[in-house]
Structures are given as structure tokens and as C-alpha cells.
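Database features, via TrEMBL:
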TRANSMEM  6-28  transmembrane segment
TRANSMEM  40-59  transmembrane segment
TRANSMEM  71-92  transmembrane segment
TRANSMEM  104-128  transmembrane segment
TRANSMEM  168-184  transmembrane segment
TRANSMEM  205-228  transmembrane segment
TRANSMEM  234-256  transmembrane segment
Amino acid sequence: MKALEIVHLLYAIIGGSTNLALLTIILITKRSGLKSYAIITFNIACVDIVEIVLDAFIVPSNFGPEVCFRSHMVMLHLVFFSLFLIAYSFWYRYTVLVKEPPSGLVVQMFAVVMFIPNAISTLIFFFAKDDPEQSYSILHSIYPTMDVNSSSHRSFNFFDPFSAPTDFYAVIMPFVVYTSIVFMRKKAICSTNLRANFRSQALTFHAILPSTICIGVNFYFLQIMGVYSPIADSLIFAFLCIPAVFNPCLPLYFVAPYRMYVERNPWNCPGRILKAIGREQASTTITLSTSSNAR
């Protein structure tokens with residue numbers, strides 16, 4: 001088994017288990033007072049777990065190239081939709097600092113509205129008509145040892161009315177959405193109602209994680225520019241899937257009701273780790289506070 005296949009299998013194991021754990025804890029702690037924010041987190045976890053399942057098709061299977069191709073198209077749609085939802089969560093966290101939080105119904109309706117542009121671009125792309133023979137010849141010239149007859153592939157064509165919207169969308173939108181994430185993080189941290197270092201850490205880590213999607217898109221952009229490399233080709237999906245794997249770890253640690261639920265399970269090894277980290281941070285905070293008072 002190749003190293004890349006092992007990486008994606010680890011993604012499936014780690015991402016699947018952590019997202020399932022987060023979904024379970026959200027349902028168990030639904031009366032924690034985080035109803036509206038929990039809806040956004042629940043949507044992200046649902047999208048991420050489906051994305052991880054579809055990403056497993058990168059490992060050779062008996063489903064055939066066509067099934068793998070369609071699965072990856074849906075997976076890409078979910079990657080970008082998850083990025084939209086992360087940006088939405090930053091907007092929500094800033095909004096609740098300055099005004100009353102929206103109702104759960106309004107929060108869910110906004111999530112549905114954000115789903116529409118991603119779904120439309122994906123549906124349009126299903127009708128893209130790439131020339132298989134031309135694609136095979138290009139692949140064979142770049143990767144002579146590749147078995148193109150058993151590989152899922154596609155080509156980008158900015159002049160194809162069905163392919164161009166998705167190609168432009170994939171190259172441009174992640175950077176636009178990520179810029180909004182960085183902007184909303186800065187506004188939230190600068191807010192007079194958000195001074196706690198622990199909360200600013202949560203926003204910082206949550207903002208850094210989706211940057212890997214932009215890194216993956218950069219590798220895709222290099223291919224469009226004619227820079228071909230098997231390693232760069234493999235790293236596209238390796239970077240795109242990182243947020244889906246590690247996203248659930250952030251609310252499990254930084255969101256108090258979820259963190260407390262994990263800590264209350266003594267049989268849970270991750271819970272013990274979280275509790276130990278929490279005690280260490282509390283000790284550091286007390287020490288810093290004492291030093292400041294002494295001055």
C-alpha cells in the first residue's frame with residue numbers, strides 16, 4: 001500500500017471517529033444553551049463525515065473509475081461547503097457578541113442558502129464533456145507509467161460552459177471565503193466582549209485549519225499553469241481533507257459543554273488528556289495573574 005493511501009485511510013479512521021463523537025455529544029448536550037451554534041457545528045460535522053467517506057475512494061477499490069470520479073466531485077463540493085460553514089460560524093460568533101443570536105430556524109435556513117451555489121456548480125460540472133482520448137494522451141505524456149484505463153480522471157477547460165464555472169469557482173472562491181474568515185476572526189478578537197485568551201486561541205486555531213484548503217487549491221492552480229508533478233497531484237486532496245479530519249477536535253476542546261462532557265467520562269483517554277491540558281492552562285493563567293498583581 002502506498003504512503004498516500006495510508007494517509008487517506010488514517011483520515012477515514014481519525015476523521016470518522018472524531019466527527020461521530022462530536023455529533024453524538026451535540027445530540028446528548030442539546031440543552032446546553034448552544035442551540036443555534038450547535039446547529040452550525042452539527043452541519044459542519046455531518047458534511048465532514050460524508051466528505052471523509054467519499055475521500056476513501058482515492059484508495060483503489062472495485063467500484064470502478066466512474067464511481068470514484070463522481071464521488072470525488074461530490075467530495076470537492078462538500079469541501080467547499082464545509083469552508084462556507086466555517087466562515088458562517090465565525091460570522092455567528094462575532095454577531096452574538098454585538099446583538100441577540102438568531103433563532104435556530106434562521107441559522108439552519110442560512111446554511112441551506114449557502115448550500116445552493118456549491119450544489120449548482122457541482123450539478124453543472126456533471127455535464128462537462130471532456131474528450132477521453134485527449135485526456136488519456138495528456139496523462140500518458142505526463143505520467144508514462146500510469147494505467148490510464150483504470151484511473152478516474154478529468155481535464156479542465158475554461159472554454160467548456162459546463163466545466164469553466166466549477167474550475168473558476170474552485171480556484172477563486174476558497175481564497176475569498178478564507179479572507180472573510182480571517183476578517184471575522186480579527187473583528188471578534190478586537191471586540192470589547194472577547195478578551196479571554198482561551199477564546200482568542202479557539203478562534204485562531206479554527207482560522208488556521210481551513211488554510212490547508214487554500215494550500216491544496218494552490219497545488220491545483222500549479223497544474224493549471226502547466227507545472228506537473230505526481231507528488232503535487234497527490235497533495236491536492238491530502239491538504240483539502242485536513243479540516244474535515246481535525247475540525248471536530250476544536251469544538252470538543254474549546255466549547256465548554258462539549259469539553260465538560262468528555263472530561264466527565266473517566267474511561268475516556270482523550271478526556272483525561274483534555275482535563276490535564278485544562279489544569280495546566282488554568283495554572284499558567286493563575287501564575288500570570290499573580291505576577292501581574294505583584295507588579
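Just so it is clear, glycine is given a Cβ too, placed from its N, Cα and C backbone atoms.
For the transmembrane segment (6-28), same-chain residues at least 6 beyond its ends with a Cβ under 8 Å from one of its own Cβ atoms are 38, 41-42, 45-46, 48-49, 52-53, 55-56, 58-59, 237-238, 241, 244-249, 251-252, 258, 261-262.
Residues 79-80, 83, 86, 89-90, 142, 156, 167, 170-171, 174-175, 178, 181-182, 185, 235-240, 242-243, 246-247, 250, 254 of the same chain, all 6+ positions outside the transmembrane segment (205-228), place their C-beta atoms under 8 angstroms from a C-beta of that stretch.
Taking pairs at least six residues apart, the transmembrane segment (234-256) and the transmembrane segment (104-128) share fewer than three Cβ pairs below 8 Å and do not count as touching. Against the transmembrane segment (168-184), stretch 71-92 shows more Cβ pairs under 8 Å than any other of 40-59, 71-92, 104-128.
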